[in-house]
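**Q** According to Swiss-Prot, the protein carries these features:
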- Gly2: N-myristoyl glycine (LIPID)
- Ser234: active site, nucleophile (ACT_SITE)
- Asp257: active site, charge relay system (ACT_SITE)
- His312: active site, charge relay system (ACT_SITE)
Amino acid sequence: MGAGQSICFPPISGPHHIGCTDVMEGHSLEGSLFRLFYPCEASETCEQPLWIPRYEYCVGLADYLQYNKRWVGLLFNVGIGSCRLPVSWNGPFKTKESGYPLIILSHGLGGFRVSYSAFCMELASRGFVVAAIEHRDQSAAATYFCKQTSQESSPTESLEEEWIPFRRIKEGEKEFHVRNPQVHQRAKECVRVLQILQDASAGKPVINVFPGGLDLMTLKGSIDMSRVAVMGHSFGGATAILALTQEAQFRCAIALDAWMFPLEHDFYPKARGPVFFINVEKFQTVESVNLMKKICAQHEQSRIVTVLGAVHRSQTDFAFVTGNMIGKLFSSGTRGTLDPYEGQEVMVRAMLAFLQKHLDLKEDYDQWNSFIEGIGPSLIQGAPHYLSSL
């Protein structure tokens, strides 16, 4: 993997083989880009996709972390640019008459559509279809869309990439005035992807800008649109909470270490539930926990748990990057005292129990119902005591 760097994803525990494809819908900023993880048919020969799709994302990641874009972007590309996901790229979709439940996933600040592949793969192996969005509000480390430059050429010949850089807060700017419009755009993008997949499940044609990908018509009748959840990490956690309120088709939300700051105070009386807040030990503040408690007070099925020994980036794929050089570039914020593989297992089990309960799934995930109450390995209910004062 170049310079001894690699990423070692947690082993998959579900019964399904996993397929993966990228979908870009539309030729403008208002379109959508997401990576779809899904149960697929077994295949003797399958291509495994790159974890980091392109070099531009390595450069964007370096820029987001405020390193030299040229040199550190190159280092990231050498260190992790050749790592691949253990899934079948554009693998044949495994149809299901009763349909799979759907999860829309929103990334955090500086993330992009592959930043939570470990969670996505595990959930897909358990029989979920997961759409990991790449937001176009300038909160992604890098993203792009393909615009048509000529009406006379064929659609693929006339496409030109337009890259959208990460938006940093400028001197003198109020951060809330930047982040609040972003979180609202992000929620709309979640709803847009939901609509695209609803069309695909209904057998309506969805044109994917990327050539040679999965035929989305194969999804027809195989997504259960009555069992849909929205999920996100950090900025994506706030996005999931807002999207749940704005779109009734979302039945519940999972907020991983949610960054509550971008949500306006007027939002809270309107907030819907249930929301499952899965926090880590060292990120939240008393103020943010109190905002979570406001939502929980309005919706008795909402819960807050904390994963002890975990840090903010423990909930991203970067927790599984090995090698000292790349690890140091991500700083001590990449790993906590809790083994990242143990943390992943605990969080996934808590998610599955919550999803079974609120999507009415007929699985055995209720064996982990105690995790929803903060009773389980490395879990506590609510927040650590030093954040618990109202």
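Residue numbers in this text run from 1 along the chain shown.
Here the Cβ of each residue, glycine as well, is placed from N, Cα and C on the backbone.
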**Q** Counting other CB atoms within 10 A of each CB, which of the active-site residues Ser234, Asp257 comes out lowest?
**A** Ser234
**Q** Please report how many Å separate the Cα atom of Ser234 (active site, nucleophile) from that of His312 (active site, charge relay system), as a whole number.
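**A** Between the alpha carbons of Ser234 (active site, nucleophile) and His312 (active site, charge relay system) there are 8 Å.
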**Q** Quick one: pull the CA-CA distance for His312 (active site, charge relay system) versus Asp257 (active site, charge relay system), whole Å only.
**A** 7
**Q** Run through the Cβ atoms and count how many others sit within 10 Å of the one on His312 (active site, charge relay system).
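**A** Its Cβ has 22 other Cβ atoms within 10 Å.
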**Q** Can you see whether DSSP assigns Asp257 (active site, charge relay system) to helix, strand or coil?
**A** coil
**Q** According to DSSP, folded down to helix, strand and coil, what is His312 (active site, charge relay system)?
**A** helix
